Amino acid sequence: MWHPEPPAHSGPRTSPPMRPSWPNWRSSITGRPPAYARLEGPGHPAHTDRGRILCVHTSLSRVRRATISARDSISFPCPLVLSEGKDTPMVPDSDVGSSRSVVTPVSTRRAVADRVPLLLALLLSTGVATDIQSVSLSPMVATMTTDLSLSSAQASWALTVFMLAGAMGVGVTSRLGDLIGHRKVLLPMLAVGLLGAALGALANGFLMLVIGRFLMGLAVATPLGWGLLRARASADQIRSAGLSLGTTISILTPLSLLLGGVLVRLGTSWQAVFWVTGAAYLAMLVIALWAPETPESARARVKLDWPGAIGLGIWLGALLLAISEGNSAGWGSAYILTLLAVFVVVFAGWLLQQRRAPAPLMDFRNMDVRQLVSGFVAMFTMIVVSFALYILVPVMRQAPVATGYGLGADLLKSALPLIMMLPGSFVAAALGNALLKRGGPRLPIVTGGLVTVVAFLGMSLFRAEAWTVYLWVFLYAVGAVMCFNLGWSMVAASGRKDNTSIMFGVATAGQMVTAGIVNAVILAVLNVGASTWPTASVFGWLYAGVAIVALVFFVLFGLSVVPRRLEDRHAVS
């Protein structure tokens with residue numbers, strides 16, 4: 001409550017009242033029991049009274065005071081140092097999307113820091129669930145198709161609808177989290193994902209299966225996990241979270257493929273994948289119930305851009321659907337051409353709308369855009385090289401021995417070289433962290449890119465012996481995972497607290513579209529049929545093409561664009 005006159009002082013003032021050098025001072029105080037306080041800092045006028053702070057407000061030419069407590073926060077136009085009681089320190093934190101600072105007690109910060117491991121566990125579990133549900137089902141498509149009497153087009157839809165739902169819904173869900181609180185959006189999303197897993201496991205036909213997969217796609221929760229963590233983690237914790245999540249995803253993707261192969265070998269039903277995914281959703285739901293909500297100071301104070309969010313979902317969905325259905329429906333068919341036309345028209349209108357919107361989905365103010373773009377490029381390039389590897393290596397080993405390069409292996413044996421992703425990812429995490437500390441993001445990106453180029457050139461030129469594939473996969477993991485980890489860290493360090501979720505939402509949607517493009521291009525080039533297999537030279541040229549992609553977007557882009565330092569302008573102190 002504000003008082004018109006200053007109080008009488010029983011003790012000496014800690015500093016004389018002075019006129020501040022900054023205008024428009026304002027304070028937001030909550031009504032809680034008072035406490036001793038002291039405001040310090042050169043040029044910042046203040047003196048203390050029992051339970052009150054007194055500051056001169058130049059624009060109003062009068063003295064204001066307010067009752068505070070240790071759990072209150074006060075907003076200033078510049079960083080200050082506030083202490084409570086007997087020299088209990090309080091530290092400033094940058095406010096949402098502006099130049100103000102929010103001063104909070106260190107005791108509160110310590111309590112908040114204690115929740116960071118819980119939020120990190122929640123973030124990593126979102127990556128686990130996404131990997132299991134998006135990859136593990138692929139090896140079991142044949143069994144699922146037979147059990148449910150699906151056509152090849154229906155089986156393809158069952159796989160595609162997950163990415164389609166994720167790409168179309170992630171813009172709305174992630175931005176809603178930035179506005180109203182990430183936990184408020186995350187809890188019902190996880191419940192929807194759990195329902196989708198149950199419907200998929202109990203499906204007795206195509207419709208029930210597709211609905212379940214669609215609901216699971218809507219529950220892609222990684223962007224919201226980042227939003228919860230961003231509001232509470234320090235710069236070092238954000239960097240470590242990026243490295244950890246990239247490593248987790250890189251390890252679990254091949255493991256999920258192997259899991260599908262193991263389930264096929266054991267004769268387990270395809271429903272087991274849905275039950276495992278449901279267990280992952282249930283675990284995330286339990287963790288989210290214990291997780292704290294995003295503080296109001298870290299939320300965006302604008303309205304949701306509904307036209308922008310819906311437009312984003314429409315053009316992403318049209319593009320992804322056209323890419324996924326192009327090979328089967330024919331790229332020149334009216335269906336595919338209509339989808340591409342919808343994509344072009346809606347995308348152009350969306351860009352125009354975003355330029356004119358008062359609060360667009362993608363707001364780059366007070367952000368390191370160069371670092372953000374570098375992170376996006378690293379992540380999308382990783383999707384290109386990784387999906388190429390996950391398709392080419394198993395297909396080569398599944399080819400008949402008569403082709404001269406194939407082993408005639410089953411699903412499990414054909415994916416065994418991918419097990420080298422495990423040691424390679426751990427080496428990449430340790431080496432990438434060391435190089436990041438020594439030379440900033442540029443050094444590990446360029447180094448990892450060079451190692452990736454060597455790995456794919458090796459696959460292109462030296463793959464006669466079976467053991468060489470294991471070596472090249474290991475080198476690929478060391479190089480590409482290093483770049484992937486840095487991509488996560490750069491995007492996380494670039495975003496503000498009020499837009500971190502939408503930044504990762506766009507990144508997630510972009511990865512889904514990129515994966516669809518790579519999958520469509522490689523399968524179209526291979527043109528594998530029941531009795532037709534590509535020649536060995538086709539694989540060699542594909543591996544060489546992937547090496548060129550890594551050279552351009554990891555090495556050359558890293559040398560010319562990726563910053564030398566990893567900066568986090570909005571980290572918690």
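Yeah, the Cβs are placed from backbone N, Cα and C, and that goes for glycine too.
TrEMBL entries are annotated by machine, without manual review.
According to TrEMBL, the feature compositional bias 'Pro residues' maps to 1-20. Taken from TrEMBL, the feature domain 'Major facilitator superfamily (MFS) profile' applies to 117-562. Annotated region 'Disordered' per TrEMBL: 1-26, in sequence order. Summarising the annotation, TrEMBL assigns transmembrane segment to 116-135, 155-173, 185-203, 209-229, 241-266, 304-323, 329-352, 372-395, 415-436, 443-463, 469-491, 538-562 (among others).
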For the transmembrane segment (415-436), sequence-distant contacts whose Cβ falls under 8 Å of one of its Cβ atoms, 6 or more beyond its ends: 139, 239, 243-244, 246-247, 250-251, 253-255, 257-258, 261, 389-390, 393-394, 397, 443-444, 447-448, 469-471, 473-482, 485-486, 489, 566
The transmembrane segment (538-562) in contact with the transmembrane segment (372-395), cutoff 8 A, at least 3 CB pairs, sep 6+: yes
Contact between the transmembrane segment (372-395) and the transmembrane segment (469-491) (at least 3 Cβ pairs under 8 Å, separation 6+): yes
Candidates 185-203, 209-229, 469-491; stretch with most C-beta pairs under 8 Å toward the transmembrane segment (155-173): 209-229
Dominant neighbour of the transmembrane segment (209-229) in 185-203, 241-266, 443-463, 469-491, by Cβ pairs under 8 Å: 185-203
Which of 185-203, 241-266, 304-323, 469-491 contacts the transmembrane segment (443-463) most, counting Cβ pairs under 8 Å: 469-491
Distal contacts, the transmembrane segment (185-203) - CB-CB under 8 A, six or more residues away: 129, 133, 148, 173, 176-177, 209, 211-219, 221, 224-225, 228, 271, 274-275, 277-278, 281-282, 284-285, 288-289
Segment confidence, the domain 'Major facilitator superfamily (MFS) profile' (117-562), expressed as mean pLDDT: 88
